[in-house]
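Asks: Per TrEMBL, the features are:
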- B:7-70: domain 'SAM' (DOMAIN)
- B:130-151: transmembrane segment (TRANSMEM)
- B:177-198: transmembrane segment (TRANSMEM)
- B:210-228: transmembrane segment (TRANSMEM)
- B:275-291: transmembrane segment (TRANSMEM)
- B:300-320: transmembrane segment (TRANSMEM)
- B:326-342: transmembrane segment (TRANSMEM)
Amino acid sequence: MEQHASDLSNEFKRSSPSGNDEGSQSQPKQSTLPNGLRKSSRKHRDYIKISVPEPKNRLPLEWWKTGIAFVYALFNLVLTTVMITVVHERVPAKETSPPLPDKFFDYVGRVEWAFSISEINGMILVGLWCCQWLFLRYKSIAARRFFFIMGTLYLYRCMTMYVTTLPVPGMHMKCAPKKDEHYIQLRMLRSERYSAKTAEEKKEISQVKQLHGDSQAKLQRILKLISGGGLSITGSHILCGDFLYSGHTVMLTLTYLFIKEYSPSRFWWYHLLCWLLSAVGVVCILLGHEHYTVDVVIAYYITTRLFWWYHTMANIQTLRSSPQNYLTRSWWNPVFWFFEKNVQTRVPCSFSWPISWPPSCFKSSCKNYSMVQNARRQ
Amino acid sequence: MKKVVYWSSEEVSNWLAEEGMPEYTDSFQRLNGEDLLQLTEADFKKPPLSLVSSDNGQQLLNKIETLNIEHHIEAHKNGHANGHLIKGNDGDVGSKAKRNGMPNGFRNEMVQIHMPMPEKSHFPMEWGKTALAFIYALFCFVFTTVMISVVHERVPPKEETPPLPDKFFDIFDRVEWAFSICEINGMILVALWLIQWTLLKYKSIVGRRFFFIVGTLYLYRCITMYITTLPVPGVHFKCSPKLLGDWEAQMRRIIKMIAGGGLSITGSHTMCGDYLYSGHTVILTLTYLFIKEYSPRRFWWYHWICRFLSVVGIFCILLAHDHYTVDVVVAYYITTRLFWWYHTMANQQILKEATNTNFFSRVWWYSAFQYLEQNVSGIVPRNYQLPFPWRATPFSRNVKYTRLDT
């Protein structure tokens with residue numbers, strides 16, 4: 001080898017560079033080694049970079065999309081709060097409009113402390129989901145889905161709440177006084193005179209219409225409701241009228257569905273616990289006579305359908321490109337595309353520490369081998 | 001067959017000719033069976049065989065080896081050839097067990113090659129399943145009627161509970177004749193759908209789907225109607241008096257309602273309380289969806305007409321103050337979602353299996369769905385066929401091809 005070093009090893013003769021331009025050359029020098037074998041003591045400039053095609057990341061994080069989903073959810077929550085305030089003014093008084101007949105209420109009398117249980121369960125479930133979310137590896141994708149689905153459910157809720165106002169489900173409900181006496185007057189006029197109105201009556205009604213409003217007080221109520229999270233326990237749920245459909249049921253069901261979906265299937269005891277919390281919470285809503293049964297049933301139906309619909313579309317790739325996929329006819333399909341177009345596969349159930357810290361002793365796994373990865377190695 | 005070792009040179013040449021290797025006949029003139037068996041590759045390298053053979057004798061050697069095997073099998077005729085001991089007499093089992101001394105795959109006689117049977121139809125008719133779906137729908141209709149009758153007794157009287165505040169009612173006042181328009185539209189749509197259905201080729205499959213979806217929607221409606229009773233939406237309602245406990249009269253009322261189809265026009269809709277959610281909206285929406293789905297895409301004008309009828313009908317329900325707005329909205333939502341859900345599942349093979357990525361399988365009616373649709377593979381094509389046989393008439397001879405299947 002040594003004999004043929006300068007001749008044969010590199011298959012062609014290289015004329016050694018004259019002078020002192022050692023630093024700029026990138027061609028291999030006349031070394032005693034054939035192509036590819038270089039003495040490790042050489043500097044980096046002798047290394048040749050082989051470009052490897054980048055493996056396409058099938059689950060990009062894209063935190064900015066999660067940000068948009070968060071803003072969407074926040075917007076819908078605020079809209080719901082505003083809507084509750086508006087609807088509150090329109091709820092008929094308990095005296096004029098007694099609670100509607102409800103089958104559950106006929107059989108089961110009211111239990112005073114039941115609604116607190118429901119809210120506590122809701123808070124526990126939300127807390128559990130938050131903790132679980134912190135440990136997920138693909139936080140941004142899961143959070144995006146959660147915000148989008150929750151936002152859409154609250155949007156639907158705004159619509160159903162607004163179009164028709166149900167009376168209070170029970171005489172025990174304490175509704176804050178209406179700020180809008182003029183609107184009450186308007187409603188009374190309308191309900192009394194249901195048929196065609198004379199010109200005089202119409203004039204009266206239009207005069208009354210101009211008077212109603214009292215935006216500042218309403219704004220205060222909105223802020224109070226948002227800050228308390230809409231819960232009775234925090235004392236922020238004093239407004240009535242948001243009965244169809246039940247937001248509490250939505251949260252209880254949705255957090256349970258997300259907890260179950262994004263946790264290992266081995267943790268059956270955990271799933272059972274969360275299911276119990278959710279079911280007991282929903283039953284307690286009814287026990288407390290805080291919502292009609294139809295509110296709870298419709299809320300459950302819409303939540304589960306939306307969740308399953310979204311996740312099936314997200315998980316089964318062939319559905320997305322299929323022309324016979326009727327799921328694309330929903331109005332939120334473009335938004336779905338925007339969020340999920342780069343997610344190529346089902347989000348695997350893997351966990352990692354929320355902050356980078358070597359997890360030498362953490363051995364939780366979905367399967368038999370450890371799925372916990374060091375965050376720094378991502 | 002005699003053993004190879006006992007072959008004479010004549011038999012060797014005969015065999016060579018049979019096997020299609022006449023070039024060796026000359027060289028092997030004096031070779032008998034034993035010599036044949038002792039031929040090796042080395043022999044083919046030296047003349048004279050190297051001059052005759054083109055492939056160093058490979059083919060010949062292979063055939064000699066085959067011969068060897070055949071005779072080995074023949075010699076061990078107790079059935080070890082096929083790897084297992086075959087007991088029993090000749091002729092009681094099929095050709096496999098016959099001891100012809102040949103190894104697997106070697107046969108002397110004719111072999112039957114099975115042709116694959118013509119494929120099962122992708123869209124079997126299965127009228128039985130359609131009948132089941134029809135019975136289910138009928139049951140749901142009757143159940144709904146019974147439920148309306150029950151709920152009627154619980155509706156709070158108009159005087160006690162005024163109509164609930166509704167945004168649409170605030171904006172639009174009541175129009176008297178609007179509900180008749182809605183019902184007429186509904187009847188037109190149902191008639192159109194019926195005519196279209198009779199012209200479909202795959203009537204049974206489509207009929208099955210329609211009955212199942214309609215039945216399920218009415219079943220859901222029973223539930224929502226029953227659990228909470230909304231008050232009447234307007235003081236114009238004429239609710240028939242309550243028949244507390246009078247079962248016979250209630251039964252008569254139920255039959256009257258079924259006979260009239262639950263429509264006000266026929267005078268059978270005199271009971272109140274069935275507000276959440278609106279059955280009229282369900283029928284209007286569902287017939288439109290089915291009409292659109294199972295008619296050719298070219299008929300866009302037809303789709304537009306039906307859509308117009310449907311939308312006007314729904315608007316008229318509200319205009320007549322016959323249902324609350326939330327009834328209509330919820331009915332529309334549930335109808336469209338169920339229709340799309342069912343048809344997506346039916347059209348995608350991958351969704352017909354209950355895997356854990358397939359969340360669609362978690363609905364309660366999934367097993368019923370599988371039963372109805374398991375033999376339907378693929379999307380039901382929009383083929384049309386006259387329900388009665390069309391005899392060739394003079395004017396039909398001019399038609400070069402037709403989109404109707406005969």
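Positions of Cβ are set from backbone N, Cα and C atoms, glycine also.
TrEMBL entries are annotated by machine, without manual review.
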Asks: Between 0 and 100, where does the mean pLDDT of the domain 'SAM' (B:7-70) sit?
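Replies: Over the domain 'SAM' (B:7-70), the predicted model scores a mean pLDDT of 77.
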Asks: At a C-beta cut-off of under 8 Å, are there same-chain residues at least 6 beyond the transmembrane segment (B:300-320) that contact it? List them, or none.
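Replies: Contacts of the transmembrane segment (B:300-320) (Cβ under 8 Å, skipping residues fewer than 6 from its ends): 168, 172, 174-176, 178-179, 181-182, 185-186, 188-189, 192, 278, 280-281, 284-285, 287-288, 291-292, 328, 332.
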Asks: Helix, strand, coil: count each for the residues of the domain 'SAM' (B:7-70), based on DSSP.
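Replies: For that range the per-state counts are 40 helix, 0 strand, 24 coil.
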